Amino acid sequence: MHRPPLPLVLLLLCCRAQAGEIIGGTESKPHSRPYMAYLEIVTSQEKQVACGGFLIRRDFVLTAAHCAGRSVTVTLGAHNIQKKEDTWQRLEVIKQFPYPKYEPVGVHDIMLLKLKEKANLTLAVGTLPLPPHVTFIRPGRMCQVAGWGRTGVKEPASSTLQEVKLRLMEPRACRHFRAFDHNLQLCVGNPQSTKSAFKGDSGGPLLCAGVAQGIVSYGLSSAKPPAVFTRISPYRPWIDEVLKEN
């Protein structure tokens, strides 16, 4: 039976950033993931939503295409997104580059964000390496995801960065997602486990051996794993082209 997928953005309630956690994860050590970016987005319908992302160059953040909006503000160097620290760098996005063939709740869910100013690289703010174009990471690997998404479907929000280890699954585990494409996407999270990415985690990185291999894309509204992540390696030529031209 086909079940509708759910983009993993988080609606911001009462005009404030009320982000939560990854389901089944633990709180990250503060500033142990200096590449993490918290995105505050105003949509074309004037709604405020949140996504994750990650710094790949001092002036570029990589995220999911469904996190596009009328305006985007990026916070770097954050741990507790509701408690401002000296480590914070808040930067405006001046241009959004969603992949040209992006299909909502489908494939090509990847986007580059050009920052108005270059981030200052510090102990709390740094870049994350990307895989080469030829990389094809296979099922069975254990990887890590981090984000400020909810702890559960009905759980109260938390504000600190969370992380969880998730297994890369065989493509058949994502067969209930009609648009799933194993060549362009990753099936992430053991169906027998409760650990998963959820609302607010969209756009965050999947780390395998310290390299960003995927981007949180969509999952079931029940939060039951697995979820679908965009593979990064097939898009390296496009990423490199955008970075070179900007």
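Glycine is no exception: its Cβ is also placed from the backbone N, Cα and C atoms.
Record features (Swiss-Prot):
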type	residues	note
ACT_SITE	His66	active site, charge relay system
ACT_SITE	Asp109	active site, charge relay system
ACT_SITE	Ser202	active site, charge relay system
DISULFID	Cys51-Cys67	disulfide bond
DISULFID	Cys143-Cys208	disulfide bond
DISULFID	Cys174-Cys187	disulfide bond
DOMAIN	22-244	domain 'Peptidase S1'
SIGNAL	1-19	signal peptide
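Shown here: features listed in Swiss-Prot, placed on the structure.
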| residue | record | DSSP class |
| --- | --- | --- |
| Cys51 | disulfide bond | strand |
| His66 | active site, charge relay system | helix |
| Asp109 | active site, charge relay system | coil |
| Cys143 | disulfide bond | strand |
| Cys174 | disulfide bond | helix |
| Cys187 | disulfide bond | strand |
| Ser202 | active site, charge relay system | coil |
| Cys208 | disulfide bond | strand |
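Neighbour counts of Cβ atoms within 10 Å were compared across the disulfide-bonded residues Cys51, Cys208; the minimum falls on Cys208. The Cβ of Cys174 (disulfide bond) lies under 8 Å from the Cβ of Phe180, Gln185, Cys187, Pro226, Val228, each on the same chain and at least six residues away in sequence. Of all Cβ atoms in the shown protein chains, 29 besides its own fall within 10 Å of the Cβ of Asp109 (active site, charge relay system). Checking each of the recorded positions (Cys51, His66, Cys67, Asp109, Ser202) against Cys143 (disulfide bond), the C-alpha distance stays within 10 Å for none of them.
The most densely surrounded of the disulfide-bonded residues Cys67, Cys143, Cys187 is Cys67 (count of other Cβ atoms within 10 A of its Cβ). Proximity note: of the listed recorded positions (Asp109, Ser202, Cys208), Ser202 have a CA within 10 Å of the CA of Cys51 (disulfide bond), given in sequence order.
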